[in-house]
Amino acid sequence: MLMITSFANPRVAQAFVDYMATQGVILTIQQHNQSDIWLADESQAERVRAELARFMENPGDPRYLAASWQSGQTNSGLRYRRFPFLATLRERAGPVTWTVMVACVLVYIAMNLVGDQTVMVWLAWPFDPALKFEFWRYFTHIFMHFSLMHILFNLLWWWYLGGAVEKRLGSGKLIVITVISALLSGYVQQKFSGPWFGGLSGVVYALMGYVWLRGERDPQSGIYLQRGLIIFALLWIVAGWLDWFGMSMANGAHIAGLIVGLAMAFVDTLNARKRT
């Protein structure tokens, strides 16, 4: 998919989408900070951009209103719901994003019901050579969190970054990033601290690195992370490494995850440039 443009006014965005539908071109709207217009068939990109230029000259032209009447969407196509916060959560997160969030919450509840150690025996990185073929352990450590702040912080970033990746690049891409970063960040962390660790932060740092570099090198991907946030991520790594806050942090997982995300973004953007 290709992002064509963004509109601050959702009604204007809907008018353009409706008009293009009457011309046989299917566009979709994704609501984020603005109304982003996406085109599935990239072979029609030049035609859409030419129509967009004409539309921007006079968006109030009667033919655009007529197109909205024809499609039955003169109300901008938006639904004003009683729970906008929940709607925002749902709109930004795809099935993989939600599945991981639910898994983390369920595991957190289990840890509070039966105790951290009991759950860690089930899900932790292999802590005995006899467990090395229990392959789920190389990934399930990401679901364990040890405080309310720990899980809230990680899930907020996971929803913000993972949801964007899934919505823009697909569930498959998010799965690949998650699996690779969980495996490699876990491997590095167990070298630092042993097998008794947990949390989604290694994957979150991979997503930070991926989204930031992908946005810098491939703006057309539609994902980005403000430079101030990537600087915050780096400062947080430094703070954890120097133990400024007296908190136990998975520093190895953070660094490994960030490197994994940057490397994957570099490879993906390199391949994208070769194709063009």
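Numbering starts at 1 and runs along the chain as it is shown here.
Placement of Cβ uses the backbone N, Cα and C atoms for every residue, glycine included.
For Ser201 (active site, nucleophile), the count of additional Cβ atoms within 10 Å of its Cβ stands at 27 [all protein chains shown]. Swiss-Prot lists Ser201 with the feature active site, nucleophile, giving sequence analysis as the kind of evidence.
Under the heading active site, Swiss-Prot lists His254, citing sequence analysis as support. Around the Cβ of His254 (active site), the number of neighbouring Cβ atoms within 10 Å comes to 26.
Marked as transmembrane segment by Swiss-Prot: 94-114 (among others). Counting residues 6+ beyond its ends, the transmembrane segment (94-114) has Cβ neighbours under 8 Å at 123, 142-146, 151, 154-155, 158-159, 162-163, 166-167, 171, 174-175, 178, 200 in the same chain.
According to Swiss-Prot, the transmembrane segment annotation covers 142-162 (among others), on the basis of sequence analysis. Within the chain carrying the transmembrane segment (142-162), a Cβ under 8 angstroms from the stretch's Cβ atoms is held by residues 89, 92-93, 96-97, 100-101, 103-105, 107-108, 111, 116, 119-120, 123-124, 174, 178, 182, 186, 198-204, 207-208, 211, 225, all 6 or more beyond its ends.
Sequence-distant contacts of the transmembrane segment (169-189) (same chain, at least 6 residues past either end, Cβ-Cβ under 8 Å): 94-97, 100, 125, 138-139, 141-142, 162, 197, 202-203, 205-207, 210, 221, 223, 250, 252-257, 260-261, 264. Summarising the annotation, Swiss-Prot assigns transmembrane segment to 169-189 (among others).
Among the features that Swiss-Prot reports, transmembrane segment is placed at 192-212 (among others).
Feature annotation from Swiss-Prot assigns transmembrane segment to 229-249 (among others); the stated evidence is sequence analysis.
Beyond the ends of the transmembrane segment (250-270), by six or more residues, the same chain brings 176-177, 180-181, 184-189, 191-193, 197, 199, 201-214, 217-218, 233, 236-237, 240-241 to within a C-beta distance below 8 angstroms of the stretch. The transmembrane segment feature in Swiss-Prot is assigned to 250-270 (among others).
Tertiary neighbourhood of the transmembrane segment (192-212): same-chain residues 100, 104, 120, 123-127, 141-146, 150, 154-155, 157-158, 161-162, 164-165, 177-178, 180-182, 185-186, 223-225, 227, 229-230, 233, 237, 249-262, 264-265, selected by CB-CB distance under 8 Å and a gap of 6+ residues from either end.
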